[in-house]
Every structure is written in structure tokens, then in C-alpha cells.
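Colleague: Below, the features straight out of TrEMBL:
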- His140: active site, proton acceptor (ACT_SITE)
- Pro241: substrate binding site (BINDING)
- Cys109-Cys191: disulfide bond (DISULFID)
- Cys142-Cys147: disulfide bond (DISULFID)
- Cys197-Cys396: disulfide bond (DISULFID)
- Cys278-Cys305: disulfide bond (DISULFID)
- 99-400: domain 'Plant heme peroxidase family profile' (DOMAIN)
- 1-23: region 'Disordered' (REGION)
- 70-103: region 'Disordered' (REGION)
- Arg136: site 'Transition state stabilizer' (SITE)
Amino acid sequence: MRAGSSPHPHQSPLITDHLFSPPPAGQRLVSAAARRSEMAAKLANAMVTLLVLLGSVACQADYGYGNPSSGSGSGSSGFQIPFPFPTPTPPTPSPSAGGFSPGFYDSTCPNAENIVRGVVENAVKQNPGIGAGLIRMLFHDCFVEGCDASVLLDPTSANSQPEKLAIPPNFPSLRGFEVIDEAKAALEAACPNTVSCADTLAFAARDASAVLSDGNINFTVPAGRRDGRVSNSSDALNFLPPPSFNLSELTASFAAKGLDVDDLVVLSGAHTVGRSHCSPFVSDGRLNASSDMNPALAASLRSKCPASPNAANDPTVAQDVVTPVRLDNQYYRNVLSHSVLFTSDAALLKSVRTTAAVVLNAFVPGVWEQKFARAMVKMAAIEVKTGANGEIRRNCRVVN
């Protein structure tokens with residue numbers, strides 16, 4: 001999963017009270033949030049109608065994920081962590097019969113989430129790129145074997161090719177493992193054999209989102225996941241959508257995990273942070289003259305990327321050149337200006353539904369942040385193992 005500054009919720013709302021007539025006497029006032037939601041829906045419908053009339057939208061598109069990788073997180077000068085974070089507001093799913101619910105550790109390890117948040121805040125403050133890596137790691141975990149921390153397992157004599165070694169989706173680009181190790185060690189010291197690695201990763205991705213968005217994205221994470229015992233690189237290749245997928249293939253891939261096209265567009269917004277190797281977009285022809293990429297961006301990337309990247313020469317570049325270390329809606333403005341790296345990003349303008357969603361996310365303050373929080377909760381519930389279906393690893397890198 002991959003990747004700007006933007007208006008945030010509670011700042012300069014698109015809809016202001018003076019645009020509406022006073023309600024009849026005795027009628028309960030409609031909240032500003034409800035008005036914004038109504039106008040947002042109208043804007044989306046208007047965009048769909050306009051695009052249909054113009055006949056400007058094609059029906060097929062390619063989609064794929066690049067490889068945000070290790071890098072310095074350039075542009076981090078002046079990066080600050082907000083304290084404290086606002087109270088999470090997005091709704092959370094109902095508890096399941098298997099014990100998967102918000103506040104799962106309230107009685108057994110009441111400080112669990114605070115422990116993870118402290119570790120993540122410190123790591124992301126030092127290097128925002130780690131935050132992008134943690135968000136991406138959750139996506140790559142949940143799409144393979146469900147959200148069970150299988151992506152954290154190291155190779156062993158019995159299994160030399162776990163998920164984290166899958167080339168190209170996970171190796172060498174996946175990062176943030178050391179942050180999970182640190183958080184898990186702190187959890188074990190406070191509450192031995194209580195908090196799973198799968199929950200640790202879900203908490204960490206949530207906390208990274210909060211830090212990178214200056215607290216504008218924050219949400220309650222249901223917990224009670226158990227850790228899986230199976231991890232195969234071949235499964236990562238089978239279930240993580242590659243850059244060669246077209247829109248219908250990608251939609252099917254997301255649908256197989258219970259996610260829809262709207263989730264696809266919303267989660268793609270994570271490409272506003274982090275870095276990518278050159279190879280995913282160079283090999284896709286994104287820097288060719290026939291590409292629809294903004295010519296200035298293409299020229300800049302050609303100066304940084306080799307014509308034929310390989311394992312020995314595959315530099316990294318920022319995924320969002322405007323706000324590279326902020327998790328915000330700048331990504332969607334970049335999509336509209338053709339200033340994005342990946343074929344998958346450009347593909348969001350190739351269907352009526354996705355184009356309308358891009359416009360909505362780009363220009364209605366706060367809409368994308370709220371949708372992203374909900375989509376992350378939804379994704380973090382994919383094929384969750386609970387109870388006896390898994391274990392609680394003592395070390396996230398090896399099964400018990």
C-alpha cells in the first residue's frame with residue numbers, strides 16, 4: 001500500500017452556516033458536519049454526472065503497488081509530534097463472538113495501547129518514513145493470511161521463505177520491524193504473554209497514522225487478534241496486488257478481502273507518505289514519453305532513476321513531492337495534476353466512480369481523513385484469528 005499539506009477537519013470548512021436559511025421555529029438545527037456530508041454527497045453526484053456528460057472517463061485501468069522503502073524521510077525538518085492526540089471519533093465495528101473488540105486489553109494489560117503509542121511516536125519523530133512503513137506493513141500483513149502478524153516472521157531452517165522475503169512486494173522495501181520489536185519487548189515487560197504481535201502491529205499502524213497526520217487521523221482499534229503460525233512468500237505474491245493489475249483485477253483482489261472500490265481509493269491515499277524504489281514505476285513505463293505523468297515530474301525522476309533499475313542500483317524517491325512526510329489529502333490533488341508515481345495512482349482517473357472519489361477527497365476538507373480512519377479499521381479486521389485459532393508470540397519474529 002503507498003502514497004500531502006491540506007485543509008484538515010475543523011479548519012476552513014467548505015460549507016459555512018450563512019449559506020443556509022434559518023430553520024423553521026422549533027426545528028432542531030442541523031449540525032455543520034451533517035451539512036458538509038450532504039454537500040459532499042451532492043458534489044460527488046455532480047462530478048459523476050459531469051464526467052458522464054463529457055464522456056471523458058475510460059472504463060479500464062491498471063493498478064499496482066510500488067515499493068516504499070528505506071530512506072531518510074527527506075523533508076522531515078520541522079516535523080513535530082502533536083500532544084495529546086484528539087479523542088478517536090470514527091465508529092468502531094461491533095465486538096465479535098470470538099472476543100475481537102475495542103478495549104480488549106482494558107483488564108489484562110490496561111496500558112498496552114499507550115506503550116505501543118509511545119514507541120511509535122518516538123520512532124516516527126526521528127524518521128517519518130518509519131511511520132509510512134508501519135502503515136504499509138499492516139496492509140501487507142492483512143492481505144496475506146489475514147491480520148495475524150505472519151509478515152513479521154523471520155526465515156528458519158524449516159521455512160526459508162516467509163512473507164517478508166517475498167520479492168518484489170516485501171523485500172527489500174518493507175520496513176519498521178525494529179519498531180514492532182521494541183513495542184513488543186515493552187509489552188512483554190509490562191504484561192507477559194498477553195498482547196499479540198498482530199494487535200501490536202495494528203496499534204502501531206494506527207499510531208503512525210495519527211503522528212503523520214498531526215493527529216487529524218485517529219481511531220479506535222478493536223483488538224483480540226491472535227498470531228498466525230504460517231508465513232510463505234508465495235502467498236504474498238498471490239494476494240498482494242501487483243503493479244500490472246488493471247482496475248477490474250484490483251477490484252476483485254480487494255473484494256476477496258471484503259474491501260470495495262471506495263476502500264481502494266481511500267487506502268491509496270496512504271501513498272502521500274513514504275518513499276518508493278524507482279523500479280516499480282520505471283518498469284511500468286511511467287517515465288516514457290507516452291506516459292500521462294506531468295512532464296516536469298517525469299524529467300525530475302529521470303534525473304534520479306536509472307533507465308534499467310536493478311538490485312544494485314535502484315534508488316528511492318519521495319512518493320509525494322509536495323508534502324512527503326504528512327499523511328493528508330495532497331495525494332488526490334497530485335492524482336488530478338498527473339503528479340503521481342505509479343500506474344495504479346494514475347488509474348484512479350480512469351473510471352467514473354474513482355474519479356469522483358478523487359475529486360471529493362481532494363477538495364472537501366476532512367472527508368478523506370474520516371474515510372481513511374474507517375477503511376483502516378475495516379482492513380485491520382480482515383480474516384482475524386481469535387482464541388484458539390492462533391497464539392500470542394513472545395517474540396514477533398518466531399512462532400512459540
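Backbone N, Cα and C define each Cβ position, glycine as well.
Would you situate these features in the structure and describe their surroundings?
Modeller: The Cβ neighbour count for Pro241 (substrate binding site), using a 10 Å radius and every protein chain shown, is 20.
Listed in sequence order, the residues of the same chain lying 6 or more apart from Cys191 (disulfide bond) and placing their CB within less than 8 Å of its CB are Tyr105, Thr108, Cys109, Ala112.
Non-local neighbourhood of Cys142 (disulfide bond): Lys257, Met379, Ala380, Ile382, Glu383, each in the same chain, at least six residues away, with C-beta under 8 Å from its C-beta.
For Cys197 (disulfide bond), the same-chain residues that are 6 or more apart in sequence and have a Cβ closer than 8 Å to its Cβ are Ala149, Leu152, Ile180, Lys184, Asp227, Ile392, Arg393, Cys396.
Around Cys305 (disulfide bond), the same-chain residues at least 6 positions away in sequence with a Cβ under 8 Å from its Cβ are Cys278, Val282, Leu287, Pro315, Val317.
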Colleague: Specify the count of other C-beta atoms within 10 Å of the C-beta of Cys109 (disulfide bond).
Modeller: 18
Colleague: Within 10 Å of the Cβ of Cys278 (disulfide bond), how many other Cβ atoms are there?
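Modeller: Excluding its own Cβ, Cys278 (disulfide bond) sees 25 Cβ atoms within 10 Å.
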